[in-house]
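> For reference, the structure I am asking about is given below.
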């Protein structure tokens, strides 16, 4: 897990349960249990808490530890998150300030480190940096909470790290001591079902961005059904990418739809291949006969989304091990894979062919070689033409912005389902694909967590 994975879980847990405070309490109890198992009772313990949720975990640990030990809780700063403030308000012991740290270190045997959590950018600042150095030079036994404070920069060197849910990226015994993983209550309903937290993987554009830095997408389609390629292109634009280029045999017709779309002849291969990602299939038609071009794109190493007619033209053997996402509905899945459409089949196919699969349905299934995510929702009106084109446009847009294939598929599926539900709430069964399209930018803007 990395910082964004942790943030994603917290947001989705809060979305379901209203608060992450139960997780904080569970984290504190997990630390207290590890302490007891390794150091016993009746010890003198210094718990050092920072102002964030890592500090809140430490305060909760102090509450549990004080039952059997002499606990000194050192607050570096006042708690700044709602959960950490609640933990501090419920703490029944005495707390100490930073200027007392020298005496507290001398009189204690064991230090619990809850100064800084995961996700810091750059070396710790003062006073945290000085405290980290004091801990490391103290000679005391140390337990770190979730990650050693300062990690992966200058950090505490603990004997034990109690990390939550899963191992954090780049943790090992040399930088974290003995690592124990604790389950704090983030269940499968959070880990394997999409929520608003899944949008954390979309990065904020740089302030000094110039054209092309935030995604360039080539769409190969529109030869048979012109509108499909346009819907995919406008869906991609709605996700904040810089340039959408449609490569087609019907340049004049598609050029008339929307001035922001760049429309090129499909023979303009050199320009096509300069994009960050590709979408093949919307409106392409099954009579498309330049198979060598499609293989050249798939072999480029860049993300390629295959949808609609592409799944009827391209052979499954040609995508094995490639940087590919397929986005079939059930019939397309059966045609492309020769398997009955199901969650199990999607997982097995993804594992065998080492690609990302987004199997569309009442509950969308997104899976790659290692993970699965379910995205329930939507409504019957989403069976109308164009919703799949819109979805594939969003998947490829996120991939063009550097989001991983798995996360691109999850984000796009979640957004597609939610905007469809918003439209249904307002217009019942009588909304259109353009109604969905119009809602995408405001939905993303409301639910991004920069």
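Here the Cβ of each residue, glycine as well, is placed from N, Cα and C on the backbone.
Straight from TrEMBL, here's the annotation block:
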- 6-192: domain 'YjeF N-terminal' (DOMAIN)
- 194-447: domain 'YjeF C-terminal' (DOMAIN)
- 283, 329, 389: (6S)-NADPHX binding site (BINDING)
- 388: AMP binding site (BINDING)
> What whole-number distance in angstrom separates the two most remote CA atoms of the (6S)-NADPHX-binding residues 283, 329, 389?
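About 15 Å separates the two most distant Cα atoms.
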> May I have the list of same-chain residues other than 283, 329, 389 whose Cβ is within 8 Å of the Cβ centroid of the recorded (6S)-NADPHX site, in sequence order?
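So the additional residues around the site are 225, 228, 231, 232, 281, 282, 307, 308, 385, 386, 388, 392.
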> For the binding-site residues 388, 389, which one has the sparsest Cβ surroundings, going by other Cβ atoms within 10 Å?
388
> How big is the gap, in Å, between the Cα of residue 329 ((6S)-NADPHX binding site) and that of residue 388 (AMP binding site), rounded to a whole number?
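The Cα atom of residue 329 ((6S)-NADPHX binding site) is 8 Å away from the Cα atom of residue 388 (AMP binding site).
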> What mean pLDDT does the predicted model reach across the domain 'YjeF N-terminal' (6-192)?
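Computed over the domain 'YjeF N-terminal' (6-192), the mean pLDDT is 97 on the 0 to 100 scale.
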> Roughly how many Å lie between the Cα atoms of residue 388 (AMP binding site) and residue 283 ((6S)-NADPHX binding site), rounded to a whole value?
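Roughly 11 Å, rounded to the nearest whole number.
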> Going by DSSP, give the three-state secondary structure for residue 283 ((6S)-NADPHX binding site).
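Note: residue 283 ((6S)-NADPHX binding site) is coil by DSSP, not helix or strand.
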> Tell me the coarse DSSP state (helix, strand, coil) of residue 329 ((6S)-NADPHX binding site).
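It is coil.
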